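K.L.:
First, the structure itself, so that you have it in front of you.
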Amino acid sequence: MEFQKYHGTGNDFILIHEIPNNPNQLAKSICDRHFGIGADGLIYASPSQIADIKFNYYNSDGSIAPMCGNGMRCFVKYLKDNDLIAKNEFMVETLAGLVSVCYNTETKHIKIGLGQPKFDLDTPDVNPPIKSLEEQSIAYEGQIIRFYVVNLGTLHTIVFVNDSIDINQIGPYLSSIPLFPNLSNINFVEIVDQNILKVTTYERGAGWTLSCGTGVSASAVVSYQLKKTKQDVNIIVPGGKLKVYVQKQVFLEGPAVRIATGDYEVSNEKI
Ligand SMILES: N[C@H](CCC[C@H](N)C(=O)O)C(=O)O
């Protein structure tokens with residue numbers, strides 16, 4: 001099976017040209033970093049009735065996700081690299097709704113429109129429902145962890161960090177508390193100044209990643225809403241730098257790089 005591997009600020013993905021019969025299983029095997037090629041997720045295109053093309057995303061644990069910001073940038077670069085679409089601005093169908101994309105031929109950066117954040121969360125993903133952007137808290141190891149919850153493409157939890165918390169323990173714990181029956185992506189945010197955030201993310205379905213596109217965008221939205229930052233912010237992640245514009249809708253802009261092209265031996269099961 002032909003594949004191409006991309007990364008967006010260190011969040012890496014396998015892109016395949018065909019529509020797999022069992023995407024959940026394929027994602028688990030092809031994304032395995034020892035028995036497979038290795039990546040945070042699997043992406044493939046399919047036809048759309050409502051947009052130019054449809055974006056399909058699966059985490060490395062095989063779970064499906066409605067949207068992936070870094071993955072969307074890599075998807076656009078893949079489409080352009082392989083001459084699968086002529087336009088540089090087009091619409092993409094996702095399970096989270098329509099996403100506008102714009103490929104800059106000069107900088108090779110991609111800007112995507114993530115729509116508006118949802119703070120009224122009465123969905124199967126949040127129980128009991130959260131009705132607005134209000135501080136949540138939970139006790140953990142004698143500490144109180146304070147956080148906010150927002151849906152921007154997918155479900156995100158925002159924790160403003162200080163020196164006293166150990167994010168390595170708290171990330172996995174907070175991701176799977178009863179409030180999140182289907183887990184949550186956990187973003188640990190450091191406010192550098194009104195224009196710069198540092199974000200580290202523990203992702204549902206992938207664990208710690210070097211970057212989370214919808215996560216940094218959700219972090220920028222909550223920081224702006226809480227008057228901690230301006231509308232347009234630079235975000236430093238372990239895998240690089242991204243830009244988020246909090247306008248009527250939220251835009252994420254950044255690079256996407258093809259790492260490799262190859263052939264995956266599908267028959268290789270774990271021996
Ligand atoms: N793990 C996420 C999907 C990938 C999000 C992230 N890689 C991004 O760039 O937005 C979820 O299951 O909701």
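Numbering starts at 1 and runs along the chain as displayed.
From the backbone N, Cα and C atoms, a Cβ is placed for every residue, glycine too.
Because TrEMBL annotations are produced automatically, they should be read as predictions rather than curated entries.
These numbers come from a predicted model, not from an experiment.
Heads up, here are the entries from TrEMBL:
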BINDING   ASN11, ASN59, GLY69, ASN70, ASN185, GLU203, ARG204, GLY213, THR214  substrate binding site
ACT_SITE  CYS68  active site
ACT_SITE  CYS68  active site, proton donor
ACT_SITE  CYS212  active site, proton acceptor
K.L.:
If you count CB neighbours within 10 Å, which one among the active-site residues CYS68, CYS212 has the smallest count?
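P.N.:
Counting other Cβ atoms within 10 Å of each of the active-site residues CYS68, CYS212, the minimum falls on CYS68.
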K.L.:
If you measure ASN185 (substrate binding site) to the residue listed as 'active site, proton acceptor' at Cα, how many Å is it?
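P.N.:
Computed Cα spacing between ASN185 (substrate binding site) and the residue listed as 'active site, proton acceptor' is 9 Å.
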K.L.:
Measuring Cα to Cα, how many angstrom lie between ASN11 (substrate binding site) and the residue listed as 'active site'?
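P.N.:
Taking the Cα atoms only, ASN11 (substrate binding site) lies 10 Å from the residue listed as 'active site'.
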K.L.:
With an 8 Å cut-off on Cβ distance to the ASN11, ASN59, GLY69, ASN70, ASN185, GLU203, ARG204, GLY213, THR214 Cβ center, who else from the chain surrounds the substrate site?
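P.N.:
After dropping the recorded site residues, what remains is ASP40, GLY41, ALA65, CYS68, GLY71, THR154, THR201, ALA206, THR209, SER211, CYS212, GLY215.
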K.L.:
Could you say whether, by DSSP, ASN11 (substrate binding site) belongs to a helix, a strand or a coil region?
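P.N.:
Looking at the DSSP assignment, ASN11 (substrate binding site) belongs to a strand.
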K.L.:
Do you know offhand how many angstrom separate THR214 (substrate binding site) and CYS68 (active site) by C-alpha?
P.N.:
6
K.L.:
Find, for the listed binding-site residues ASN11, ASN185, THR214, the residue with the lowest Cβ contact count at a 10 Å cut-off, counting only other Cβ atoms.
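P.N.:
Comparing Cβ neighbour counts within 10 Å for the binding-site residues ASN11, ASN185, THR214 gives ASN185.
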K.L.:
Max Cα-Cα distance in Å among ASN11, ASN59, GLY69, ASN70, ASN185, GLU203, ARG204, GLY213, THR214, the residues listed as binding substrate?
P.N.:
15
K.L.:
When a 10 Å sphere is centred on the Cβ of ARG204 (substrate binding site), how many other Cβ atoms does it contain?
P.N.:
24
K.L.:
According to DSSP, does the residue listed as 'active site' sit in a helix, a strand, or coil?
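P.N.:
It is coil.
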K.L.:
Give the three-state DSSP assignment (helix, strand or coil) for THR214 (substrate binding site).
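P.N.:
DSSP assigns THR214 (substrate binding site) to helix.
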